[in-house]
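Trainee: Quick one: the structure is below, and I'll ask about it shortly.
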Amino acid sequence: MVKTNNHVGRVGAASNHNQTVIDFEKDGADEKLLKNGNLSSNGLKNGEKSEYDRTMTEDINKLLREMPLTEDMTCGFWIFKGKFLQRFANQTSYVILYGLVGCVFSMTYSYFNGTITTIEKRFKIPSRNTGIISVGNDISQMLVSAVLSYYAGKGHRPRWIGFGLSTIVMFCLLMAVPHFLYGPGEDALALTAEFGAIADENATIEVIEAQRSKTLCRSSDGGAECVQGEGNVAPQLVLFLAQFISGIGGSLYYTLGVAYMDDNTKKSKTPALLSLSYFLRMLGPAIGLALASFCLRVYVAPNLHPVIKMKDPRWLGAWWMGWLIIGSMILVSGIFLTMFPKQLPRAKARRMIEEERRKQRETIKNKSQNNKEKLTNCLEEEKPTEAKASFKDMLVTFKRLTTNKILMYNNFSSVFYLFGYTPYWIFTPKYIEIQYRQSASISNLVTGTVALAFSATGVLLSGFVISRYRPRARYMAAWNVIVGFLTVAGCISYAFIGCPGNEQSVIVNIHDSSLSNATTCNSDCHCDYVRYSPVCGENKMTYISPCHAGCKKEHIASTGQKYFYDCSCIPHASINKEGKSTYEGLTSMDLTITENDEQDIQTTTLASHLQSLDADIPGIGGRAISGACPVNCFSQFVTFLVVMCFLKFIGATGRASNFLVSVRCVPEKDKTAAMGFGMMMMSMLAFIPSPIFFGWVLDRLCLVWGKTCTNKGNCWLYDPESLRYTLNITASMFVVLGALFDCGVWYYVKDLKIFDEEVKEIEMKIVQHEEDINAEKKTEI
């Protein structure tokens, strides 16, 4: 007979029967027993271990001492076995190693983003093709994650995880293969001493000056050249294949890894351990960006000696080097992860004892099948014989999953949430630059460190809170509903956190000769292929580029500040009542020749020209400085940052509860298949279509498009106000749908048990009820 908690009262007299019999048909049965039995909500009193837990721990330790070490509990493989490795066959070692592997794995995404511009430059890959390459892993996850997770879930899961990690190693090697196949490139080799190049600082200055001059109004030589199309397609196919392979390994790592963790740990500890692994994985992106920064400081051909420095636009960093480092780290850590046994010894001992006690409970249950039958059949099913993996059984399994209302509601909730939140993951740094005029470095710092810190805090806190207080499934589902609607409120609030000064300070004066032959201030400047490089005119308005502002001359001060003048589209500065110019731009005093101004270009001629410019001669164009006009959006930016960090924190608190509902609502044998099926749904319905959909939406809000020789290029400038309303309101609509599906989850999980302690409470109810019935029968006799 199962031992009961010391605080459970036992009833032996018929006179007390009416007060103690449990109403198994009512939803409040749990609360009644807890009240009558003087138990806490998790079966404990004063935070102490229950008698059940104490006896379970003693029985497990005794069984581990007596039980022989079988093959499925042995740590290691081949000749790599022994007592030294066996001491690491525990949940703590697994969680830490699994989290560290996840940390290295997540480095691949940030490293790819950090080096993609260099890869594009080296192989002349258009940005639109880069987007196609980056979704290769989502395509493979959509195709194979469900099938692989089904078959792998029935096998040796750590070995299957090791296989998945080997595909990640292959992915890293394939990402570096184009460098070894095609080399650094002729342009890069031509800039090294070994190939005859000579160090010439003036050559670098000439290149920089040539690039600068392309942004100016040049009516004589035809303007800037068009950007050439894409280069060789073969490297692009290799990169796409690499991404496709990474999706296979990623699906095995995520689905099997957390399922193995959940099966080999005490259910009450799963949230804390899961949150710890999430936290370790969150460190990866920051490390990946740091690695990308380090590798790009090394020349693309490290064995050669470049004659240029990093400031030269022709510099190419060693983008391929980091892939070899990451691949080596995953290879080593993956080997250790593969050494874990099919079942952790302690977990197997616990299951053996629970199975023995289940058989004892069956003996009690068979004596009386009455009003408690519904509850016992729901929670204490006979352990079925697990079917062997087959195509027919896989179809039966997936049919069983699709008819599971809790699982499907939870999956569709995740789909709509991810669909609506994808543009924020992709577009937030650019969004901050556009809306609040923050620099790219500040934008990436905010999204990569500050927001990450709040997400990590939310994940850790929620995991430990759930492990400590063990809330019921309905409470966790209710919290997910609250998180969903708070996210909706946050997305809508984004739409109203704008900067009016920013939205009204840009002049878009693009002359299109195909639409009109009318003469404008920049119609002779040939600005079609000039890149977006905003300047601030003395009229306090921002122009797309010096060319679009009609600026014909440029000066670079010793401080690095660029000054443009003779700008035909900028009205000359007005004079205020004090007789001073309202625009504090460049004057002849700024161009005094000193020894430190050797790098200034055309200093003497500029100074003499601006001496006449100071006299405010009619007909001379206005002036401008590089960069958009300063707009004070700091208060709006801080408000946006506060809301974003709040949403990051709140959203992270729902991860553990969402996972627990997903794995507890399906039979134990379907756990990994359910996770793979969910990943397939996320890839097919969210990760692939969402960027395409929001890309289409954002394209309709573009004000200025770049041009290439054969096609339309990337968008350079968006309408800030339209972007703010359209992006955030559209995203919030999808998140609303996700929150509504969460309401469905909340409705259907009312009978779902999450933790072992909840099942133990039911066991105690059954035992107590059986004793009550026996006592009543004796009294009647």
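Any Cβ shown, glycine's included, is placed from N, Cα and C.
Sharing the record's features from TrEMBL:
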COILED    752-779  coiled coil
DOMAIN    515-571  domain 'Kazal-like'
REGION    355-377  region 'Disordered'
TRANSMEM  93-112  transmembrane segment
TRANSMEM  132-153  transmembrane segment
TRANSMEM  160-182  transmembrane segment
TRANSMEM  237-257  transmembrane segment
TRANSMEM  278-300  transmembrane segment
TRANSMEM  320-340  transmembrane segment
TRANSMEM  407-426  transmembrane segment
TRANSMEM  446-466  transmembrane segment
TRANSMEM  478-497  transmembrane segment
TRANSMEM  634-652  transmembrane segment
TRANSMEM  673-698  transmembrane segment
TRANSMEM  729-749  transmembrane segment
Trainee: Counting only residues 6 or more past its boundaries, what in the same chain has a CB within less than 8 Å of a CB in the transmembrane segment (93-112)?
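Mentor: Distant contacts of the transmembrane segment (93-112): 134, 165, 168, 171-172, 175, 246, 250, 253, 257, 260-261, 264-265, 273, 276-289, 291-292, 322-323, 326, 329-330, 333-334, 336-337, 340, 344.
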Trainee: Residues of the same chain, at least six outside the transmembrane segment (160-182), with any C-beta under 8 angstroms of its C-beta?
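Mentor: Apart from its flanks, the transmembrane segment (160-182) reaches 101, 105, 108, 112, 123, 152, 232, 234-235, 238-239, 241-243, 245-246, 248-253, 256-257, 260, 300, 319-321, 323-324, 326-327, 330-331, 333-335, 337-338.
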Trainee: Does the transmembrane segment (729-749) reach the transmembrane segment (407-426) with at least 3 CB pairs under 8 A, where each pair is 6 or more residues apart?
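Mentor: As far as Cβ distances go (cut-off 8 Å, pairs 6 or more apart), the transmembrane segment (729-749) and the transmembrane segment (407-426) touch.
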Trainee: Would you say the transmembrane segment (634-652) and the transmembrane segment (478-497) are touching, if the rule is that at least three C-beta pairs must lie under 8 angstroms and be 6 or more residues apart?
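Mentor: Contact between the transmembrane segment (634-652) and the transmembrane segment (478-497): present, because at least 3 Cβ pairs are under 8 Å.
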Trainee: Do we see three or more Cβ pairs under 8 Å linking the transmembrane segment (278-300) and the transmembrane segment (446-466), pairs being at least 6 apart in sequence?
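Mentor: Judged by the Cβ rule, the two regions touch, with the required three close pairs present.
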Trainee: Please report, as numbers and ranges, the same-chain residues at least 6 past the borders of the transmembrane segment (237-257) whose CB is under 8 Å from any CB of it.
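Mentor: Distant contacts of the transmembrane segment (237-257): 98, 101-102, 105, 108, 119, 132-141, 144-145, 148-149, 152-153, 157, 160-161, 163-168, 170-172, 174-175, 177-178, 181, 277, 672, 675-676, 679, 683.
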Trainee: Under a Cβ pair cut-off of under 8 Å, which of the recorded stretches 446-466, 634-652, 673-698 contacts the transmembrane segment (407-426) most often?
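Mentor: Answer, by Cβ pair count: 673-698.
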Trainee: Determine the mean pLDDT over the domain 'Kazal-like' (515-571), rounding to the nearest whole number.
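Mentor: The average pLDDT of the model in the domain 'Kazal-like' (515-571) works out to 80.
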